[in-house]
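A.B. asks: I have a structure I would like to understand better, so I am pasting it below and will then ask my questions one at a time.
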Amino acid sequence: MYSLIIVTLIGGYIMSIFEGPIEIYQNDLFLQKTWILKSLPIQETTAALVGLPTTCFLQYIDLIQQDTNIIEFNSNSSDFNFYTDQQQQQEESKLFDLGNFPTKTGSSSSLSTYMMDANVTWKGLYTAANNNNTLFPNINIGNSNGNIGGIDSIDFDFILDPSLLTSLPTLLPKTETENKTTSSSTDLEDDSRSNTTTTVFTTVIAIDLQSFFEDSSSSSSIELFIEGFYNYMESCEETAGVLLSAVVNVTRDVALNDFKLLIHDNKGGDNGLTFNWIRCWNITDSELGISIPFKPTEKQVSASIYINQTKYFIAEWENNRKELYENYTIEYDCANIKYDNDSGTVLNRTKCYWEATKQSVLNASGSHGCHANTGSSAWFWFTIMTTVGYGNFSPNTQAGYVLVYCLGWISIIAFGILSIVAGYTYTTIADDIFRRLNMKWLHKPEYSVPLWAVLSLLWINLIAWNARSYWKSRVPEYDYTVGDSYWFSYISIFTVGLGDVFLQPQGMFISDVFRWTALFLNGFVFISAFLGKFGDLLIKYFPSRGESLEYHLARTDLWGIEDAQSELEDRVDESLLDGHQNNNNNNDIDDDKNENGTIAISAGGDRSRMFNDPLALHHASKSLTTNTF
């Protein structure tokens, strides 16, 4: 048993050496993809789309109450200057902090709260931002095939801040009047950059509010109100199309252009973080350490829990990403680049920060504090040797596959041989104990079968109890039942290993390998002994009704008896006489069966009987071959 455990530990350690680095790479890849999905303004845009009808309706009512159908935002106003001045005072590296937008009182509020100001609209903020190039990221809305929702295609750069989520400004359609004055995106940008007061947002409400209030009972006024409301809500629908188009375009462009390695070099990272071959915890903590513990302490067990390893790995990845981001911004000298730098050889400031962000995400790793999980790897190798093979994890490297190919089948054969020897030894010891206790009746199959069946059931219960203890301490988040533990024990003892329940690898230590291999190996022996005794019982109550298989095979001339018969006739006298000359002086031939079932043939007598009996001839041929060679 201990030899199997040693082989298990050696094989598992080698596997962890091969598989550990690729598992770290896949975990890093998963966090890269997660970061991109969280950084893209998908959730914020979805929330804006859901609340868009209500927002449009409230704004429409607000416009009526103000008795106006045009909202103006003066780029020279004190409001605009205040917001731009406040933003310029923020730390340069923290771009586009839309979650903490400055207010006039000096406090911070979310962008959505700021947007509720009836005198300031998203369109106005958007234009003001482009005028100053500091407030918001420039976002590509529309496409090359034409305009969307009545807005001309406007090409801007989409910039993501590494630590802050960016949301999309909403662009409402322009009216026909505004289209006449600003017929293209270029005109809009030129007007917004001028120092004159510019109408940057105009609703599509086309109603005479004065006549409406003077004659509210007029059917024409009511129809006009309904028509205006319908047109306004139609604008909201068009705005939703703009938002959706922007999100799709941005997501596509960022994924294909900036993070194309994650698409074309996809080697996993889609199934969440895993800790099958590695274990990650804070190695600077003296109570945890960097060594591989044989028997873990309570704190080490707690640190090995999946959720704790996940939190640690994510925190290390994020810390490493931020550190890389700071290093890249210094390397690229982003802080000293002007915002309006349009040089083809030098990045502008926003692009510089974005390049630093992108490189920090691609090169970040949470591997600090991760080491090989020898316990888990050894347990994997044990399941290979015993053919249990739960299938909950497998090699991901060519070296790992080669190791399983080359040494796996050898380990399986070695395990089979040792299991047979162990089973025979167990039954021999048990039979000897029964004999010494004068309980020879337990040798009989009808009594030994129930005995080994009870021992097997007790062992299945013991394994199930240990499984529940393991899940409770090592995998507290795992939702299991008592039935699951018995099912796990059953499919493990009979080497079925369906994989629906298993021992989670992240909590497996070397001491656990010793415990579980001992439990399983003894269970295999008990099941083997039970099946052996059960076979004896079947043979006893269902004996053979015809000639034995050995005799039948002898008659089929499978061993080439006819070819050897002539040679045996020439040599059998000499061989048999030499073998029995000290024990037999009789000239008759007597056929006596010894304890091993072979036939001893005395010298002299009727030789024709031996050669007419194929089974006797077979044994004689074996005896002759043995004596000859």
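Cβ coordinates come from backbone N, Cα and C, glycine included.
Residues annotated as compositional bias 'Low complexity' in TrEMBL: 175-186. According to TrEMBL, the feature domain 'Potassium channel' maps to 373-418, 479-539. The region 'Disordered' feature in TrEMBL is assigned to 175-194, 577-598. Residues or ranges marked as transmembrane segment in TrEMBL: 402-426, 447-465, 485-503, 515-535.
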A.B. asks: When DSSP states are grouped into helix, strand and coil, how many residues of the domain 'Potassium channel' (479-539) land in each?
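C.D. replies: For that range the per-state counts are 45 helix, 0 strand, 16 coil.
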A.B. asks: Just to be sure I understand, if DSSP states are collapsed into helix, strand and coil, how many residues of the domain 'Potassium channel' (373-418) fall in each?
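C.D. replies: Taking each residue of the domain 'Potassium channel' (373-418) in turn, the totals are 33 helix, 0 strand, 13 coil.
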A.B. asks: Grab the pLDDT values for the domain 'Potassium channel' (373-418) and give me their mean, rounded.
C.D. replies: 89
